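Participant: Supplied in C-alpha cells, the structure appears directly below.
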Amino acid sequence: MSQPIIISASPHVHSDRTSKKLMYDVVIALIPAFLVSLYVFGIGAFIVTAVAVISCLLFEYLIQKFLMKTDVTIGDGSALITGILLAFNLPSGLPIWMIIVGSLVAIGVAKLSFGGLGFNIFNPALVGRVFLLVSFPVQMTMWPTAVENNTTMADAVTGATPLGMIKEGLMFGDTMTNITANLPSNLELFLGLSGGSIGEMSGLALLLGGIYLLYRKVITWHIPVTMLVTMAVMTGIFWVIDPESYASPLIHILSGGALLGAFFMATDLVTSPMTKKGMIIFAIGIAVITVVIRLFGAYPEGVSFAILIMNAFVPLINTYFKPRRFGSKIKSKIV
Amino acid sequence: MLKTFPKGGIHPPENKITAEKGIKRMAVPKVVNVPIAQHIGIPAEIVVDRKDKVVKGQIIAKSGGFVSSNIHSPVAGTVTKLDLIIDSSGYKKQCIVIRTDAKDPSNFEEVENPLKTDIELEPKEILQRITDCGIVGLGGATFPSQVKLNVREGTTLDYLIINGVECEPYLTADHRLMLEKAEEIVVGIKILMKALHLKKVVIGIENNKKDAISLFKKVIKKEDGIQVAALQVKYPQGGEKQLVRAILGREVPKNGLPLDVGVIVHNVGTIFAIYQAIQYDKPLIERVVTVTGKKLQNPSNFWVKIGTPIKDLIAEVGGLPEGTRKLVNGGPMMGKAIKNTDVPVTKGTSGILVIDEEEASRGEAKNCIRCGQCVFVCPMGLEPHLLMNLSEKGMYDKASAEDIMTCIECGSCSYVCPSHRPLLDYIRFGKNIVKKLETSKN
Amino acid sequence: MTDSVLYSVLLLVSLGVVAAVVLYIVSKKFYVYENPLIAEVDELLPGANCAGCGSPGCKSFAEKLVNTEDISSLFCPVGGNDVMKEVAAILGKEVVERDPTVAVLRCQGSCEVRPKTTEYQGPRTCAISAMVYSGETDCQYGCLGDGDCVKVCKFDAMYMDETTGLPLIITDNCTSCGACVEECPRDIIEMRPRNKRDLKVFVGCLNEDKGGIAKKSCSVACIGCSKCEDICPKDAVIMVNNLAYIDPVLCTLCRKCVDICPTHSIIETNFPPKKVKKVVEKKVVENVAVIKEEVIAESKNIKTDA
C-alpha cells in the first residue's frame, strides 16, 4: 500500500449530494425565469443581472479576503444565487450604482457580517432589495413596461405593476371591475407579459423552476404549497365577501413576487426552518403578512417584507416546533 | 404497500455484490487470536494458561458477570501466549493466542450436521445451554443472548421478531445464511418459542431479498404462528426499534427496550447459533462473514472461525487490491475502520469491507447550510445538527435534554449532510460524556 | 415652543425620579447579605477562573474558603503559597504550604521518531480521535497531537510545535492549574514539582508495551529494560507494566538514569551542559571556525582597503 490506511468514524459511505450541487441546482432552476425576462426586457435585464452577480461575487471575495481574512468561498454558488435573486427583485433599468449598493448590503451586511454562509438570519438578496426599496423608492418602482420596451432601455416607458394598479385604483375609489379591465389577463400574468421586477414576470417559468427544485429534492413542498394555498384562501375570503374592493386570489398569486417568493426566496435553506412542522408555520406566517400588506398596507407588494419578518422568527420556530421524538408518546398497546 | 417505519431513513446504494455467492468454509487458520471482550458488557475471565492444550469448543474464558459471555476455543491446539492485540476498537485488547494443532483431525473434519427437528431440552435447559455456549447477538451489537432471553415473570411478552433485514449496504451474510439454512433457522425459532412459551413469531426480511422471502414462506407453511413480513428497503430498518415499529406498529418507549412493548428481537444468525447450540451442543466458535469490496477479485461469504486474523480472509479473496485506503469491520454505515489486517474476527464481525481511495475519503467539512436534511432522515426524530453543536460547545446538559442518548448511531445524518459535517462523530462524543456524567451523578 | 421644552424636561426628570425610586426600593427589598470576607478573599485570588482549585471560579472558591473550617485541603495552584498565606491571614485559618508544581509532557513521540501508520479523518480534537481509535501512530499511549491541551490553557503556557507535532509547555507561564491534565485523554501531562531552577528528571514516555513492540512504534519509547531502576541509588524508579516512573519525592536529580537509558526516554530539563569530552572537541571546532572567520574578515578588509 502506497498511502496509509484511513481511519474515520462510521458511516464510511456518503451521499454524493454536496451543498455546492444544491446551490447550482437552484441556479439551474432560475434559468427559465431569466430567459423570460430577457425576452421581455431585453438587454436591460441582462445588464442588471450581470451587474448584480458580478458585484455580489466581487464583494464576497474582497470582504472574505481582506476584511475577514478567511478562506474565500465564492465557488460554492451561494453568492451567485444571492446575485441572481437580487437582480430578479429589481426593476430592469435601475441605475448600475444602485445595483452595486444593493449587492454590498446583501453580501456585506446581510450575509458576511453574520459570519457567512449558514449563519445569516435574513435572506441576503431580500435584505439588499428592501434596502434599495426604502432608500430609493422612486427608482425602485419605475417599472419599464413589457413588450414595447423590448430592444432599448434608454427611453424606458414606465408603467405600474398590476398590484400597483389595483392599489392605486382602489385608493381613488374605483371598483375592481373597472380596474380589472385595464389589467393584463390572468393568462398574460401567467406567461409573464406584465410589468414588474425582472424575475417575477412569468408564473410559468417560475413554476417550472420550482418543479425542478422539488424533483431534485432541493426543497420540499411544504413551504411553497402552504404559502400559496394560505394566500389563496385568505384573499379568496375577501374576494368572495366583496369582489368589487378586493382582487381575485388568482391575480394575487400570479402577480407580484408571490411565486418567486414561494419557490425561491422563502425556501432558502439557510433562513427557513429545519423541521416540516416549522416550515408550515413559517409559510403560513409569510402568506398572512403578505396578504395583510397587500390589502391594507401602504405598499402594493409585501412578499419580501413578509419573508424577512418571518426569517426573524425562524430560530424561535426551530426551538418550539421540534420533530416528534421516537418513543416519546407510547400509543402502541400490548395485545 | 410494504411495511416500514414511518419517520426518516435513507436509501444508500445497496452494493450487495456477494448476494449470489454461497457460503464457503474458510481453511482453519494456523493461529487464532481470541479476544476476551467480544460482547457488550464485562469481558470474560481467562481460564487457560500459556502452553495449555485446548480442544475445539473448550471454554477458554468464562463469563465475567451477569452481562457477559463464555468464550470457547475455535480450534484444537496450544495456547502460545496471552497477548495484547489491536481489535476493531482500535486499541490493544487482551487476546488468547492459540496455535492450531496441524495433526488434530477435529480441526479439519467439518461435520455437516443433519437437520434435527425434535427439541428435547426443557425451557430451563435451553436457556442454560445458550448461556453455556456463549451465544451473543450476531447482528453486530453482540449483546449476550441469555440476558435478552431472561424474561422476568409477569412481563407481557407476545411476539418474537426475527431480524433478517440486513439493511447495511454490501453485507450479505444473513441473506446467504437464510437461503442456505432456512429449515434450521425455523427449528431455532421453535426452540425459542418453546423456551419463552411464545405463540407468535414474525420474520422480517427486506424486499431486496425476494428469494429469501419466498423460501421462508415455503418452509413455514406447516408451522403454526410463524409469519414472514416483507419490508420496504430502507436503512436503518435493522435497528430493533425501527423493526418493531415497522412490523407491529408498536413504538418502543424512549430509553426503553423492545421488551417494554412485549417483543424480543433476534437476528437470524443468532437463531442459527442457538439451533446449533441446542441440537448439537455446539458453542459459538464460528460465524458467517461477508468479505466484500468493489475492487476485490472474488468477494464472497465465508464460515470463519472466531479469532481468525482478517489478513487470512483478505488472502482468501485475492489480496488487497491496489489503492486500498480503508478496511471496515462491519458494514459501511455502522462498521468500524480497522488499523491493520491483524485484527481478529470476533463474534460481532458480520463483514469485512475493503474500500478504495475514492470512497474512503471524507469530504472537507463546510459550514452548515441549515438545510434540515439531517432532521428529515433521523429515524429517532432527533435534530443532529443541534446535537452536534451542543456537544461541540460542551453543553452536555442541554444535549441530554434534547434526547442525545436516544441516538442509535445509524449514521443517516452524516450520510446525507451536503456539507460533509461530522455530525455523528460529535454526537457519539456527546453521548459518551453524557453517559459519564450520568454515571458519576448516581 | 417653550412649552414643549418644558414638558420634555419635566417628563424626563419625572421618569428619572420614578426609576430611581423603583431601583432604590428593589435594591433594599432584595438585598442579599454576603459575608464581606468573601469579597476580600476574592480580591486576593488571581481572578483567572481557571477552575484549577476544583471550584468553578474564583468567587465560588472564595466562598468555599470562607465557609469551610479546615482549609488545609484547599489550594489555589495559580496563586500558590503566597496567596494562600494571605488568605489564611485574613481568615485566621491554617494553610499547608505546598511545593510549586509545573506541567510536564510525558511523551517525546515527534513525527520523526514515531512514524504515522494510518491517517485519521474526522474532527481534529484529541477527545474524538481517542474515541475512534488509538491514534495515527502505532503507540496507543502517547500524544495524539490535536492540541486539546493547548485549547484549554488559559495562561498561554502551551503551544503546538509544528515540527514535532507535540505541544510545548512554557514553564514560566504555567500556573499548574491542571486544566491540561484534566483535558488530555491520554493522561500524558503530569504535574511535577518545580524544584530549584526548574530542574526536572522524568520519564518522557507512557508506553506500556513490551520492549520490542514499543521500540518499533516509537524509537524513544521506554522499553521497560529496568536499567534505570537498577542504577538509581535512591530507589526512586518504579517499574510497572514495562514502564518506568520516577518518583519526584525520592528523586535527587542525580541524572544517572538519564545517561543509562538506551532509548533516551528519560528527560532532564534546565541542567547546565555536562562537561564531557565531546563538548571540548566542539569548542576546538568552534575556535577553528572563529579563526577562519577572522581570516575572511581580514581578507575582506584588505580588499576594501585596496
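Positions of Cβ are set from backbone N, Cα and C atoms, glycine also.
Automatic prediction, not curation, is the source of TrEMBL annotations.
Just lifted these from TrEMBL, have a look:
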REGION    C:1-27  region 'Hydrophobic'
TRANSMEM  C:6-26  transmembrane segment
DOMAIN    C:33-93  domain '4Fe-4S'
BINDING   C:C50, C:C53, C:C58, C:C76  [4Fe-4S] cluster 1 binding site
DOMAIN    C:133-163  domain '4Fe-4S ferredoxin-type'
BINDING   C:C139, C:C143, C:C149, C:C184  [4Fe-4S] cluster 2 binding site
BINDING   C:C153, C:C174, C:C177, C:C180  [4Fe-4S] cluster 3 binding site
DOMAIN    C:165-194  domain '4Fe-4S ferredoxin-type'
DOMAIN    C:212-241  domain '4Fe-4S ferredoxin-type'
DOMAIN    C:242-271  domain '4Fe-4S ferredoxin-type'
Participant: Near C:C184 ([4Fe-4S] cluster 2 binding site), meaning Cα within 10 Å, which of C:C50, C:C53, C:C58, C:C153 (binding-site residues)?
Facilitator: none
Participant: For the binding-site residues C:C50, C:C58, C:C139, work out the Cβ neighbour count at 10 Å and name the residue with the minimum.
Facilitator: C:C50
Participant: Checking the contact step here: among the binding-site residues C:C143, C:C149, C:C174, C:C177, C:C180, which have a Cα within 10 Å of the Cα of C:C76 ([4Fe-4S] cluster 1 binding site)?
Facilitator: C:C177
Participant: Minimum Cβ neighbour count within 10 Å among the binding-site residues C:C53, C:C76, C:C143, C:C149: which residue?
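Facilitator: Checked C:C53, C:C76, C:C143, C:C149; of these binding-site residues, fewest Cβ neighbours within 10 Å: C:C53.
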Participant: Apart from its near flanks, which chain residues at least 6 from the ends of the domain '4Fe-4S ferredoxin-type' (C:212-241) lie with a Cβ under 8 angstroms of it?
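Facilitator: Beyond its ends, the domain '4Fe-4S ferredoxin-type' (C:212-241) has Cβ neighbours at 108-109, 113-114, 137-139, 142, 203-206, 247, 249-252, 254, 256-257, 260-266.
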Participant: Other residues with Cβ within 8 Å of the Cβ centroid of C:C153, C:C174, C:C177, C:C180 at the [4Fe-4S] cluster 3 site?
Facilitator: C:C50, C:A103, C:C149, C:V152, C:K154, C:F155, C:A157, C:M158, C:I169, C:T175, C:S176, C:G178, C:A179, C:V181
Participant: Centre the Cβ atoms of C:C50, C:C53, C:C58, C:C76, go out 8 Å, and tell me which other residues of that chain have a Cβ in range of the [4Fe-4S] cluster 1 site.
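Facilitator: Those within range, site residues removed, are C:L45, C:P46, C:A48, C:N49, C:A51, C:G52, C:S55, C:G57, C:F61, C:P77, C:V78, C:G79, C:C177.
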Participant: Residues sitting near the domain '4Fe-4S ferredoxin-type' (C:165-194): Cβ under 8 Å, six or more positions beyond its termini, same chain?
Facilitator: 46, 48, 50-52, 77-78, 99-111, 126-127, 130-131, 141-145, 147-159, 200, 202, 206, 248, 269
Participant: What is the number of other Cβ atoms found within 10 Å of the Cβ of C:C184 ([4Fe-4S] cluster 2 binding site)?
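Facilitator: Neighbour count, Cβ to Cβ under the 10 Å cut-off: 24.
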Participant: Along the domain '4Fe-4S ferredoxin-type' (C:242-271), what average pLDDT does this model show?
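Facilitator: Averaged over the domain '4Fe-4S ferredoxin-type' (C:242-271), the predicted model reaches a pLDDT of 89.
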Participant: According to DSSP, does C:C149 ([4Fe-4S] cluster 2 binding site) fall in a helix, a strand, or coil?
Facilitator: helix
Participant: So of all those binding-site residues, C:C50, C:C139, C:C143, which one's Cα sits nearest to C:C174 ([4Fe-4S] cluster 3 binding site)?
Facilitator: C:C50
